[in-house]
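J.: For reference, the structure I am asking about is given below.
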Amino acid sequence: MTEQEIFEKVKGIVVEQLDVDAADVKMESDIKNDLEADSLDVFEIMNELEDDLDIKLEADENVKTIKDVVDYVKKEIDAK
Amino acid sequence: MKKIKIVETASYVPQKIVTNDELSQIMETSDEWISTRTGIKQRHISLGENTSDLCLHVAQELLEKSGWAPESLDLLLVATMSPDSYTPATAALVQGKLQAKNALAFDISAACSGFIYGLKVAEKFLQQGSTKRVMLIGGEVLSKVIDWSDRTSAVLFGDGAAGALLESKTSGDSDFLGASLHTFGEFGDKLEAGKTEAISTFPNLKEHYIRAFSMSGRDVYTFATHRVPESIEEAVSKAALTLDDIDYFVLHQANSRIVTQIAKKLAQPLTKFPLNIAEYGNTSAASVPLLLDELVTQGKIKRGVKIALSGFGGGLTVGTQVIKY
C-alpha cells in the first residue's frame with residue numbers, strides 16, 4: 001500500500017468514527033486537539049485498522065497526528 | 001424437553017450514591033471526562049453491607065414476589081467477583097440466612113459474565129431430574145476491591161445486586177432458546193481483582209497480600225467489541241432466530257461506548273440496547289440482572305418478548321443467552 005492509499009483508509013475510518021468532515025482530515029491534523037477524538041475513539045480507530053489491514057497496532061502514546069498513524073501503519077505493513 | 005422460565009426478577013442497591021462531581025473532589029477527574037467516556041453519572045456505594053447482605057435483600061424480595069417458600073428452592077447460585085470470603089460461598093451465606101434448607105448453594109466466578117454463566121448452570125440443573133426451582137443472583141461490592149487511587153478504573157464501578165427465580169415447566173411459551181458461552185483464559189491477566197501471592201519463605205508470618213483491581217483498558221475494550229457481537233450472533237443463530245427477531249439486547253453495562261460499538265457491529269438500532277449505566281456504573285455480575293429487572297418493572301420486557309442477555313469481562317469470559325421471556 002502506498003502512503004496515499006493508507007491515508008485514504010485512515011481518513012475513511014476517522015470520518016466514520018469521529019463523525020467529522022472528510023475535508024477536515026489532513027495529514028497534519030492532530031487527532032485529539034483538531035479532530036476532538038478521546039482515548040476510546042483512538043482505540044476504535046486502531047482496532048478498525050487492525051481488522052481491515054490484518055496488522056497489530058500497540059497502544060497509542062506516540063500517535064498524535066494523522067501522519068503519525070499513517071507512518072505507523074505503513075511501518076507495520078512493511079514489516080509483515 | 002423441559003422449558004425454563006424466569007418467574008420473577010428483583011434488585012437491590014445500597015443507599016449511598018456517589019456522583020462524578022463527588023469523585024472529582026477526591027481524585028483528578030471530572031464529570032465531563034467520566035460521562036463522555038463511559039456514560040456513567042453516578043454509582044451506588046455500599047457502606048457496611050457486604051455482598052451477601054445485598055444478595056439477601058434480593059433473595060427476600062424474590063420470595064415475596066413469587067410467594068415461594070424458602071424451603072422450596074432446590075438450587076441457590078450467586079455470581080460474584082467480590083464474595084464475602086474465599087469460603088463459605090456467598091451463596092451459602094444467603095442460603096443460611098434465607099433458611100432455604102433444601103437448596104444446594106454455591107458461587108459462580110465468571111466476573112461480568114457471571115449471571116449468564118449462572119443461567120447456563122441453572123438450565124442444566126433444571127433440565128435434569130429433581131431440580132425444579134432455582135434462585136440466581138448476581139451481586140457485587142466492588143468498592144472493596146477497587147484501587148481508589150487509580151483514577152482510570154476507580155470511576156467505572158459500583159455496588160449492587162439483582163437476580164431471578166427460574167423454574168422448569170412442561171408447558172407455556174417461556175423458554176431458553178439458545179446460548180453461546182466462551183472463555184479465553186489466555187487473556188486472564190488483562191483484568192484481575194483479588195489476586196493473591198504464594199508465600200516465598202517458610203515459616204511466613206507476613207500479612208496476607210491481596211491485590212486490588214487492575215485492567216488493561218484497550219485490550220478489554222477490543223475484546224468486548226469483537227467477541228460480544230460474535231457471541232450474540234452465535235446464540236441467536238442457535239435459537240434459530242435472526243437479530244431482527246430480538247426485541248431487546250440486555251448487555252452488561254461496562255461502558256456505554258462499548259454498547260454503541262456492539263450495536264453498530266450488529267447493524268441493530270440503538271433503541272434495542274437499553275442502558276442504565278448512568279445510574280449504577282459497572283456492577284459486574286449484577287449489571288445484566290439489574291437492567292433486566294428494570295425493564296421488567298417498566299413493562300418493556302413482557303411475556304413473549306425475545307431478549308438476548310449478554311455478559312463479558314474477567315476471565316476473559318463472554319456469554320449470551322437468548323430467552324423468550
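Positions of Cβ are set from backbone N, Cα and C atoms, glycine also.
Pasting the feature list from TrEMBL:
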ACT_SITE  B:CYS112  active site
ACT_SITE  B:HIS252  active site
ACT_SITE  B:ASN282  active site
DOMAIN    B:106-183  domain 'Beta-ketoacyl-[acyl-carrier-protein] synthase III N-terminal'
DOMAIN    B:237-325  domain 'Beta-ketoacyl-[acyl-carrier-protein] synthase III C-terminal'
REGION    B:253-257  region 'ACP-binding'
J.: Counting each residue once, how many in the region 'ACP-binding' (B:253-257) are helix, strand and coil under DSSP?
T.: 2 helix, 0 strand, 3 coil
J.: Write down the Cα-Cα distance for B:ASN282 (active site) and B:HIS252 (active site), rounded and given in Å.
T.: 8
J.: From the Cα of B:CYS112 (active site) across to the Cα of B:ASN282 (active site), what is the distance in angstrom?
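T.: One finds 9 Å between the Cα atoms of these residues.
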J.: Kindly report the helix/strand/coil residue split of the domain 'Beta-ketoacyl-[acyl-carrier-protein] synthase III C-terminal' (B:237-325) according to DSSP, in that order.
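T.: Reading the DSSP string over the domain 'Beta-ketoacyl-[acyl-carrier-protein] synthase III C-terminal' (B:237-325) gives 37 helix, 21 strand, 31 coil.
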J.: Relative to the Cβ of B:CYS112 (active site), which residues of the same chain, six or more apart in sequence, are found under 8 Å away?
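T.: Spatial neighbours, sequence-distant, of B:CYS112 (active site): B:MET81, B:HIS252, B:ALA254, B:ASN282, B:SER284, B:ALA285, B:SER287, B:GLY311, B:PHE312, B:GLY313, B:GLY314, B:THR317.
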J.: Can you give the mean pLDDT for the domain 'Beta-ketoacyl-[acyl-carrier-protein] synthase III N-terminal' (B:106-183), rounded to a whole number?
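T.: Mean pLDDT across the domain 'Beta-ketoacyl-[acyl-carrier-protein] synthase III N-terminal' (B:106-183) comes out at 95.
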J.: On the three-state reduction of DSSP, what should I expect for B:CYS112 (active site)?
T.: helix
J.: With helix taken as DSSP H, G or I, strand as E or B and everything else coil, how many residues of the domain 'Beta-ketoacyl-[acyl-carrier-protein] synthase III N-terminal' (B:106-183) land in each class?
T.: 24 helix, 31 strand, 23 coil
J.: What residue among the active-site residues B:HIS252, B:ASN282 has the most other CB atoms lying within 10 A of its CB?
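T.: Counting every other Cβ within 10 Å of each candidate, the maximum falls on B:HIS252.
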